[in-house]
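Visitor: This is the structure I have questions about; it appears just below.
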Amino acid sequence: MARKTPIERYRNIGISAHIDAGKTTTTERILFYTGVNHKIGEVHDGAATMDWMEQEQERGITITSAATTAFWKGMGGNYPEHRFNIIDTPGHVDFTIEVERSMRVLDGACMVYCAVGGVQPQSETVWRQANKYGVPRLAFVNKMDRTGANFFKVYDQLKTRLKANPVPVVVPIGAEDGFQGVVDLLEMKAIIWDEASQGVKFEYKDIPAELQATAEEWREKMVESAAEASEALMEKYLGGEELTRAEIVKALRDRTIACEIQPMLCGTAFKNKGVQRMLDAVIDFLPSPVDIPPVKGVDENDDEKKLERKADDNEKFSALAFKIMTDPFVGQLIFFRVYSGKINSGDTVYNPVKQKKERLGRILQMHANQREEIKEVLAGDIAAAVGLKDATTGDTLCDPTAPIVLERMVFPEPVISQAVEPKTKADQEKMGIALNRLAAEDPSFRVRTDEESGQTIISGMGELHLEILVDRMKREFGVEANIGAPQVAYRETIRKKAEDVEGKFVKQSGGRGQYGHAVITLEPQEPGKGFEFVDAIKGGVIPREYIPAVEKGIVDTLPSGILAGFPVVDVKVTLTFGSYHDVDSNENAFRMAGSMAFKDAMRKASPVLLEPMMAVEVETPEDYTGTVMGDLSSRRGIVQGMDDMVGGGKIIKAEVPLSEMFGYSTSLRSATQGRATYTMEFKHYSEAPKNIAEAVMAAKGTK
């Protein structure tokens with residue numbers, strides 16, 4: 001099957017933003033203008049095409065990144081047909097993991113900002129993730145029709161808060177109720193969209209006289225940014241020559257793809273203005289799969305051996321599975337991005353991470369939650385596969401004759417846990433299946449059984465995250481469950497060095513005995529360094545074959561510390577000495593000796609409890625700043641600063657222990673009459689004060 005669209009005309013893009021910047025509405029308009037959707041879905045009515053899980057429609061929050069394909073020939077029909085694969089990403093901080101994994105497979109992103117709210121806390125998180133993966137981006141300032149809308153203020157915030165380098169390619173005509181359209185700085189014409197056709201038709205007009213000077217000033221800035229792309233252009237520009245439209249577009253494109261600048265546009269998706277011009281900017285400035293460096297990977301048997309794959313149909317097939325979803329009709333769907341080569345349904349793919357071959361069943365292309373079955377996918381495509389049993393998020397799928405492991409995604413450790421139990425005994429088994437399926441879809445969600453109490457414990461990134469998963473269990477799997485009070489994921493570590501601590505396991509019970517003896521030194525590591533084991537045995541005092549057993553004994557003890565049974569982190573163990581018995585020594589005895597030595601060393605090394613600290617940002621009207629700050633302080637929070645918001649109001653930044661944040665949304669709503677909102681994300685672990693540590697230990701029955 002020949003390609004319908006050359007790969008140079010592919011754009012794999014994400015639409016990402018803060019919660020209420022109007023991202024889903026913007027995506028809806030994109031689908032409408034690209035001719036896929038004939039009736040526009042509004043988030044306000046809970047009918048948006050991209051928000052396809054029932055809960056998203058109820059809450060008006062986008063949770064899962066649905067992937068959709070659309071086609072665009074330019075708003076005036078003046079471009080050859082381009083193919084957009086659009087990934088809608090959630091803007092709520094509990095779902096940051098979703099944003100992160102979509103960033104991994106994107107080639108470019110449209111960052112949507114609210115013209116009133118400007119750059120909000122979540123925007124900074126998303127921006128950092130885009131930096132991490134080197135994703136070229138455009139900025140789209142939405143909601144220009146709202147009271148308090150200010151395009152240039154958002155421009156200033158992009159520079160100061162995100163350290164971005166925005167280059168407006170349009171400026172607004174009017175704002176708030178008076179927002180009519182935009183001045184296109186490339187054409188130096190005003191674009192006015194026709195409201196009767198929902199913005200499908202438009203006309204170019206002369207720039208309003210009162211905007212002429214503003215338009216010329218911003219065009220000059222845009223041309224200067226373009227000239228900085230190369231010395232030849234700079235000479236031409238400084239020599240007073242006009243740069244052509246094609247030269248400006250190519251120069252801005254090169255600089256955008258190099259992540260040096262971000263073209264900036266504006267509009268109001270709700271009133272059908274501006275999104276069309278943004279789609280043209282996606283074609284003009286964002287990269288196709290061949291404009292970015294080839295994807296990198298390593299040999300499956302040798303991490304040092306670097307490999308790469310070009311975005312070309314004739315290369316060997318390679319793809320990354322970036323999302324798993326359970327679909328009510330076809331079962332498990334695995335979304336994957338093809339980086340190189342092509343594959344047909346029915347072909348065999350190899351998963352080097354799991355070292356298994358699997359047959360690719362049906363391949364579906366998604367349009368939000370409608371689907372079309374296709375026979376073949378090519379380099380640059382994003383599709384969903386049915387019938388892969390072993391693949392999980394972050395796995396590579398490739399040609400069995402040319403294995404490659406593409407860069408894995410790193411997922412954060414959960415910070416909050418809750419016990420969950422089914423309301424009826426009959427649901428016990430169903431609950432197990434449901435939880436395992438949800439955990440397969442979402443790598444930041446974990447399920448385990450507490451050995452002591454036998455309870456099922458679920459862990460995730462925040463209260464909302466777990467609430468939504470329990471909700472999904474009820475809707476999708478029909479399992480009603482009760483959940484316990486949230487539990488904080490504390491950790492344990494040590495503050496000083498404990499030298500030469502011994503563990504001796506000796507058992508003499510007629511016949512063959514047991515004998516293991518290990519001496520260790522335990523010392524703290526810097527935060528985040530994890531566990532390290534050093535073998536410093538000299539002269540064979542412990543035979544080689546027993547040393548891994550000592551390490552295993554210690555590793556098996558790490559998940560349950562001595563203070564309150566929490567995992568031990570950031571410690572280094574050096575095995576320095578020991579002894580053995582020719583007959584009685586065995587691996588099990590040395591495992592026990594290692595475990596005993598470690599527990600004893602922990603007691604002697606000033607063990608402490610660590611608690612997760614959260615970065616909390618509260619957006620509040622000015623009248624409530626005192627109340628909010630007082631409340632944060634009473635929760636052991638440390639206020640770190642305060643910023644002004646575009647449309648008035650303040651952003652308060654603080655660091656607060658997670659244990660003090662339960663139920664915060666309710667108390668914040670009541671303290672500010674529902675006018676303040678907050679976001680929170682995990683920052684780091686820090687030592688819990690003595691009274692808190694004692695209370696935790698007492699609750700665990702270890703005090």
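Glycine residues also receive a Cβ, built from the backbone N, Cα and C atoms like all the rest.
According to Swiss-Prot:
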BINDING   17-24, 88-92, 142-145  GTP binding site
DOMAIN    8-290  domain 'tr-type G'
Visitor: Suppose we draw a 10 Å sphere around the Cβ of Met144 (GTP binding site). How many other Cβ atoms does it contain, all chains included?
Guide: 30
Visitor: Does DSSP give Met144 (GTP binding site) helix, strand or coil?
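Guide: DSSP assigns Met144 (GTP binding site) to coil.
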Visitor: Specify the secondary structure state of Ala17 (GTP binding site) as given by DSSP, simplified to three classes.
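Guide: Strand, per DSSP.
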Visitor: Ala17 (GTP binding site) has how many other Cβ neighbours within 10 Å of its own Cβ?
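Guide: A count of 27.
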Visitor: Across the whole of the domain 'tr-type G' (8-290), what does the mean pLDDT come to? Round it, please.
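Guide: PLDDT averaged over the stretch: 81.
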